[in-house]
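Per TrEMBL, the feature [4Fe-4S] cluster 1 binding site maps to C14, C50, C85. Among the features that TrEMBL reports, [4Fe-4S] cluster 2 binding site is placed at C171, C175, C178. Marked as domain 'MTTase N-terminal' by TrEMBL: 5-122. Positions annotated as domain 'Radical SAM core' by TrEMBL: 157-392. Per TrEMBL, domain 'TRAM' is recorded for 392-454.
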Amino acid sequence: MSEQRKLYVRSFGCQMNVYDAQRMTDTLAREGYVETDSPDDADLVILNTCHIREKAAEKVYSELGRLRKAQEEAGRQQMVAVAGCVAQAEGAEIIKRARAVDLVVGPQSYHKLPELLAEAEARRSGKAGARAKLVETEFPVEDKFDFLAPPTREAIGKRGPTAFVTVQEGCDKFCTFCVVPYTRGAEVSRPLAKILDEVIRLADGGVREITLIGQNVNAYHGLDAAGRPANLAELVRRVADVPGIARVRYTTSHPRDMDEELIAAHRDMPALMPYLHLPVQSGSNRILAAMNRKHDRELFFEIVARVREARPDIAFSSDFIVGFPGESDEDFADTMDLVGRVGFASAFSFKYSPRPGTPAAGMEGQLPEDVKSARIYALQALLDRQKAAFDEACRGRRFDILLEKPGRFPGQLIGRSPYLQSVVVEAPREAIGTLARVEVREVSTKSLSGDILGGEFFAGRPIGETRFIGQSEKLEA
Ligand code: SAM
Ligand code: SF4
C-alpha cells in the first residue's frame, strides 16, 4: 500500500450517489486514502454531484468557488475531482468554469478512479504552474461494479446497520422533464448472484437492513445463476433469506413496473417493510401524458388499492412536480385531489426545473416562478398535514424499530420505524443493530419517541417502561 493520504467526499442528491460515494471511498482505501470529514485537511476532494434540478447543479459551482478560495488562502495543494451527474452532463464545461478542478469523472467510470487520479496528478506536476485537466465521461462496456472494491468489515461496521445496494442503474423511461436517461445512461441490471454476494458480505459485517436502489428499481431484471432474468420480487426474497438480514426496502419505483409478484411480496414477506415510495409526479392525466410518464391517475389509484389490499398497514410516499409546462389551475387541482384521495405518509415535491437537453425544457407554456411558488406552497402544506396526521396516528402503536445510532442525550438511541420515521428510545449502545419492540409514546415534527417492550437485545431481560430506563443508565455508567 502506498503512503496514507486524506480523502474528503461530499455527495449531493439521491441515494445512488450515497452508495457511489461509499464505493469510491472503498476503492481509494486500497490506494492508501483514508476518509476525513473536513475538506480543509484533505489531499483529495471529490464532489459527487447531482444534475436533477438547476439548483442542485449550481451548488457544485459555488462549492468549487469556496474550495478554490480556501486553497488560495491556505496556500494548499489539493486535488479536486468532480464526479456524479453534473460531471456526466457538463464534462469539459466544468473545467472551463472552475479552475480548481483536476479531474471530471462520470458515474460509469468510478472503477477507473485510481488510474485517472494518477494520470491527473502526473499531468499536473508535468506542466510547471499550469493545471492539466482530465475528463472521463464515457459509458464503458464493462460492469463497473466488478472493478469497484467492496467495503472492508471495518468500513461496514462504521456505516451502521443499514446499507444501500445498487441493483439497477440508468433508465429507459425518458420522462420529458428528466436528465437521468442522459446522465446515467440506459437501464442495466446487475446479476442476482453479485448482488447476493454483496449482501452476504454486508450482513457478515453487521448490516440488518438492506435498501435495494436503482433509478427505476422495480424494472430490475438481472440474470440468475441459470441465465434467466429474475425480477425484483425474486431479488427481494433472496435478499431477505440472507442470514442476519431482518428488513428489506427498495426504491425508487415506477408505477408502471409494479407487477403482480411484487405486490404479492408485500403480502407474503414480513421482512419487506410496509412503506412504498411510488412517485406519481402529477395528478393530471393531461400533464402525465406530456411528461411521458406512461401511467395515468387511474392506474396509480389502482396500484395503491392493490398494494393496500395485499398489505393493509402499508404507507405511501411519493414525488411531485408542480409547474410543469402548460400546467393549468385545473391540472394542479387534480394533483391536490390525488393527494387528498391517496393520503401520503411523507413526500418530496419540487418546482419544475427546465433541464438542458430534455424535451420539456423546450415546450411552450413555461410557467412563471410566482405560479410555481404558490402551487408548491399549497401542495407542501397539504402534504405536511398528511404527514403530521400519519405520525399522530402512530401514537400508541407498537412496532419494531431497528436501533441505528446514539441519540442526542446519554442513554438514548435512535432507531427507524417500518415507515422510516426516527424513533428515540432509552437503550444502551450495545443494542445498536438489533430490533426492538416499541410502543410510541410521543410524536413531534422531527421524530417519535417510545418505550421499549422487548426485542432481540432485550430478550430475557427484565424490562418494562420505567425499569428499563434505570437499567440503561446502569449499563451506560
Ligand atoms: N426514477 C424516479 C421516478 O421515476 O420517479 C425518480 C428519479 S429523480 C432522481 C427524483 C425526482 O426528482 C423525480 O421523481 C422528480 O419528482 C424530480 N425531478 C426530476 N426531474 C425534475 C425536474 N426537471 N424538475 C423538478 N423535479 C424533477
Ligand atoms: Fe427520470 Fe422518469 Fe426515469 Fe424516473 S422514470 S429516472 S423520472 S426518466
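Backbone N, Cα and C atoms are what each Cβ position is placed from, and that goes for glycine too.
Values in this document were obtained by computation on a predicted structure and should not be read as measured data.
Known features from TrEMBL, placed on the structure.
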residue	record	DSSP (3 states)
C14	[4Fe-4S] cluster 1 binding site	coil
C50	[4Fe-4S] cluster 1 binding site	coil
C85	[4Fe-4S] cluster 1 binding site	helix
C171	[4Fe-4S] cluster 2 binding site	coil
C178	[4Fe-4S] cluster 2 binding site	coil
Determine which residues of this chain, when C171, C175, C178 are set aside, have a Cβ within 8 Å of the centroid of the [4Fe-4S] cluster 2 site's Cβ atoms, and list them as they appear in the sequence. K173, F174, F177, V179, V180, P181, Q215
Grouping DSSP H, G, I as helix and E, B as strand, the residues of the domain 'MTTase N-terminal' (5-122) number 68 helix, 24 strand, 26 coil
Let me know the model's mean pLDDT on the domain 'Radical SAM core' (157-392). 97
Spatially, which candidate from the binding-site residues C171, C175, C178 is nearest to C50 ([4Fe-4S] cluster 1 binding site), comparing Cα atoms? C178
Report the binding-site residues (C14, C50, C85, C175) that meet this criterion: Cβ distance to the nearest atom of ligand 2 under 6 Å. Use sequence order and write none if nothing qualifies. C175
Compute the C-alpha separation of C171 ([4Fe-4S] cluster 2 binding site) from C85 ([4Fe-4S] cluster 1 binding site), stating it in Å without decimals. 14
If you draw a 10 Å sphere around the Cβ of C14 ([4Fe-4S] cluster 1 binding site), how many other Cβ atoms fall inside it, taking every protein chain shown into account? 19
Do any residues at least six apart in sequence from C175 ([4Fe-4S] cluster 2 binding site), in the same chain, have a Cβ closer than 8 Å to its Cβ, and if so which, in order? Q281, M291, N292, R293
Which chain neighbours of the [4Fe-4S] cluster 1 site, leaving out C14, C50, C85, have a Cβ atom within 8 Å of the mean position of the site's Cβ atoms? F12, G13, M16, N17, T49, H51, I52, A56, G84, T183
Rounded Cα distance, in Å, between C85 ([4Fe-4S] cluster 1 binding site) and C178 ([4Fe-4S] cluster 2 binding site) is 12
Cα separation, C14 ([4Fe-4S] cluster 1 binding site) to C178 ([4Fe-4S] cluster 2 binding site) (Å, whole number): 14
Among the binding-site residues C50, C85, C171, C178, which residue has the largest number of other Cβ atoms within 10 Å of its own Cβ? C85
